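J.: For reference, the structure I am asking about is given below.
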Amino acid sequence: MGTITECGKSLAFVIDVTLILSKSACWRCSGSLADTALLPCKLPMALSAPADDEQLRVKWTRVEAGTEKVVLVAQGGAVKVGQDFMGRVSLPSDAPEMGEAALAVTGLRASDAGRYKCEVTRGMEDRRSSAILSVRGVVFHYRANTSRYSLDFSAAAEACLSVDAAIATPEQLTAAFHDGLDHCDAGWLADRSVRYPITQPRPGCEGDLKSRPGVRTYGIRLATEKYDVFCYVEKLDGEVFYPPSISDKLTLQEAAAECRKHDAVLASPGQLFAAWAAGLNQCDYGWLSDGSVRYPINAPWPQCGGGQLGVRTLYKYENQTGYPDPEDRHGAYCFKGQHFTSFNSPTDVTFSLDAHFCVFEVVIRCVTSGEHFCFVKS
């Protein structure tokens, strides 16, 4: 019995596998930024009955560049946790059932994504299994095209919605900080607090933490005060692309027309950030739907953003305010929504990216325009 997970892009059809879909609940092996995920430790066979003096030992590791880093080791009530996961991982029970030792990971970060291995040992016997964790969502700073600090709380929330995102929570901003987000501009968050993340302390950005890295906070503010905003986008329900047909730079109006030629529209900043988080890499400034000009970089090229990864923004003024004039000429980033299709299995099923599924054990390929994979929990 198995349940298929979501793919990074539209699932058109599946090959070389027959699925019998289970209606039973499954472990969640993907999660949203700052959320909690539960990784299963499904073993191929149970351990034999224990002797009186034999204790169960559970070890979880994360596979990175061919090496394994300790996440958690538990035996006889003693628990050791790896440095990167301190305070964020646990076993659901102090005495996990034989052959079952799921790992709970809280405060999910994008850097938590990857392959995990569990090993359950009792005496001379051991069983091993693995799971794959994916993490969705990205936090980004957003500024109105007028000036710095021009959004009250209501306008900040509306600004995020207008670019296909939502105002971020403090937990999401903290998770993004741990993944390297550094921005010396205070922005609204969903709880009406104002904060900003600093990974590299420097003059002018000390805030309440002085010379220490961390998320600076102004506390809860009056809704009428004005700042920038931190937005959050969960996923990309479609494709963002830079049309290869562009040979000459375009005005904003021409860029919108170019996207229409491809049955698409100008992408929003939220869609571009989601595409960047999914791996989009393009060293060309391009118009977006809000009139801003940006480009996404996932490769550390010196000529593109000084070797730093992220979405680069072209401002009109040196103080990093204002959008380029609509008659200026740049490229374009287009967005085309995806239509989800169904395929015939013993039970006819239509797959949607809104559902959450498990990622485990059996790998099948999604037939899409990119190299993406599906995983089946068996």
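The backbone N, Cα and C atoms fix where each Cβ goes, and this holds for glycine too.
Copied straight from TrEMBL:
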- 31-134: domain 'Ig-like' (DOMAIN)
- 138-233: domain 'Link' (DOMAIN)
- Cys184-Cys205: disulfide bond (DISULFID)
- 239-336: domain 'Link' (DOMAIN)
- Cys283-Cys304: disulfide bond (DISULFID)
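Show me how these features fit into the shown structure, please.
T.: Counting only same-chain residues at least 6 apart in sequence, those with a Cβ under 8 Å from the Cβ of Cys184 (disulfide bond) are Tyr196, Ile198, Arg202, Gly204, Cys205. Under the three-state DSSP scheme, Cys184 (disulfide bond) falls in the coil class.
DSSP labels the residues of the domain 'Link' (239-336) in these numbers: 22 helix, 24 strand, 52 coil.
Non-local contacts of Cys283 (disulfide bond) by the CB criterion (under 8 A, 6+ apart in sequence, same chain) comprise Tyr295, Ile297, Trp301, Gln303, Cys304.
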J.: I'd like the Cβ neighbour count for Cys304 (disulfide bond), meaning other Cβ atoms within 10 Å of its Cβ, all protein chains included.
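T.: Result for Cys304 (disulfide bond): 19 neighbouring Cβ atoms inside 10 Å.
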